């Protein structure tokens, strides 16, 4: 009987089969990619420990603080010498332990290298013992002198450099500390390792000393000493002269790798969690399609099931028959989906440069197979149970899927109201308490509750929308009537689409709301797109800048140097300006190549630049300030209004304590003037009133151009066109911005480029990446929902076969039949689009409010009308495409054949 049923009309189960295949394949792909990514990260973290047997984590600050506290006298002072390189001392003691073959100190620094517009970010390491070195030199050698560097082969290819070439390199975020260094070696790393750079063990003045405060001492054991024995010997050794709790952590290689992996994912298994969430969404939508299919099949086979009951079949046998069909369909479709998903990930792994473990493919395939079978059985159980309620002499008649007034409909209504109410309460509480942990589950509950409740709104929406054209054309009138004939089925189909559309609208609206809000905040804090400074710009260079791609306008600014508080002596001036060319401007937060930071954070106002040279203190050295003379044309290039000082005033960025009061005295050097009697250089002093507010950049003071020009004329101080203010096009990409920055810096030695455009581009790239990744993950759910539309229409065609034949006999053309089904599909899509957009916009608003409360600054809802219109258009187009096959089936059937009662 089962085989006969499956052979008789297999097309009826086609939608269920496709839905299960797509859902299972998606589950396999997402879980496999999540597992492969985790495995790849595990291998990347393990690379540093390739030749090691254990690791000691050394907390520099903890040790230093403990030693200082131990040596404090009664007055709170200490005469004890500073503890220098405590982790290096621990490393030396470890190397002397019996059973230790080698010990190396590993400290990271984030390095940025630039060449011809290309930017690479790398993990920087000091050169360590060859016995522990995990990199393998490919060509050239290892760096030994200052201003030398070795980089990995992939980074060398990215920058287009080789041994002997020079690159500009420095710590990330400290562009003006960068130096021209020579690539002396290119080395091989693991296939999935992070980009790396190696600098000399001791000499690297161009990097300064911003290495990690937490050092790793990797240890290689002698042969015959196990990893466990090595760790025990390290723990028993007296590595510190003072007992400092938690200063040292001892780990085997496996423990170290797993700890790093847990830190990378915040210990929450976030990768697997994200994959599971989107797999669940696809499964829910597939479940709606499967349930609809079996419900309609039970209705269509009422006569057949009644005949079975008449000849002696029991209710349990009928139920088992329906479930057996579901089991066979689910097993076959799940197997196909698992194989399809497995094949797809095997194709994706090399493309994404992932190196999975065997279990990263096999386990998801088995999980997908099980999920598909269970999902199909669960979704078919309700229809199977209702099949046993068919009376032996029941007649074939259309039946709705739990109308609102039925007992099940009322239960669903109450359930939807309760879930929605609980979600609203959690959301409001989360926003008031500034807690995302409360707000996010609340938003999810509202989404689920709204989907349940939307089924009760669909019939009314259908009537309202169809009233617009219901009486203007026969096919449209019949389409509206057909869509409303089984409102439960139509509502369930629309709900599946609402899930996909609602999630897409939530993501897109949230992304553009974040962009609009963050752009406003960034423009308020850093209103100038680009500031180039550090050289005396000529008219020719200015015209070149104006002609670069993406530059809307550029204006020169006269710049003078001044000192705050004290005036430097000749010796101090030499320390400040060792090259004799004037102080090198320091601008924080230089342009960074957009990577993928953990989460977009609005940058805090920058601290004023340090003016001390070498080890000199701020108290001993005068503070240096660059003073801009801002013209009206330069101020007009700001994206937000900049403070415009009056005569006798100096503008400064808010939160920059240039002075303890609202007055400041700036000392401008007078060129070629004899030093004062006390050895200080000759200066012209100017008392100014400070005006705080929005400014072109941090670390500078600005006057009106006329005020600075008058000061220069009256006091014989030196000004020069030392900066250019640049306004850029709104659609600049990160690659264009980096190329523009490189072109400007290449004009002269010492040019620094900074500005708010780098922050905006970086954050927009993060938002775009997140949006497109999520939309890609939602693709499976949307595809299954479209299959559901086609399924509903196909089953409707089968159910109304005789009616279609009668319409053809009365004069309906094939074109009108196709139009009728296309309009019916369009009605479902419009109803789903309206609900999805409304739900998505609400969820985006809730997310924006919750984030605003959590982050502490205002975010506003911004509707991307172009995207919303596009989503409606895509939904309509997809629904029309989904109607093609059912319409073709209805149109090609002859009237006489269709009216035969089978």
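Every residue, even glycine, has its Cβ placed from backbone N, Cα and C.
According to TrEMBL, the domain 'MacB-like periplasmic core' annotation covers 14-236. Marked as transmembrane segment by TrEMBL: 270-299, 326-349, 361-381, 410-431, 443-470, 491-512, 770-798, 819-842, 862-885. Annotation source TrEMBL lists domain 'ABC3 transporter permease C-terminal' at 277-390, 778-895. What TrEMBL records for 575-620 is region 'Disordered'. Residues annotated as compositional bias 'Low complexity' in TrEMBL: 587-599.
The stretches the transmembrane segment (443-470) and the transmembrane segment (819-842) meet in space: the count of Cβ pairs below 8 angstroms, excluding pairs fewer than 6 apart in sequence, reaches at least three. Beyond the transmembrane segment (410-431), the same-chain residues lying 6 or more positions past its ends with a Cβ under 8 Å from any Cβ of the stretch are 402, 404, 437-450, 452-453, 455-456, 846, 849-850, 853. Through the fold, the transmembrane segment (491-512) approaches residues 281, 284-285, 288-289, 291-292, 401, 447, 450-451, 454-456, 458-459, 767-768, 770-771, 774-775, 778, 781-782, 784-786, 788-789, 791-792, 828-829, 831-833, 835-837, 839-841, 843-844, 847-848, 861-864, 867-868, 871, 875 of its own chain, all at least 6 residues removed from its boundaries and within a Cβ separation under 8 Å. If you average pLDDT over the domain 'ABC3 transporter permease C-terminal' (778-895) in this model, you get 79. Each residue in the domain 'ABC3 transporter permease C-terminal' (778-895) gets a DSSP state, and the totals come to 101 helix, 0 strand, 17 coil.
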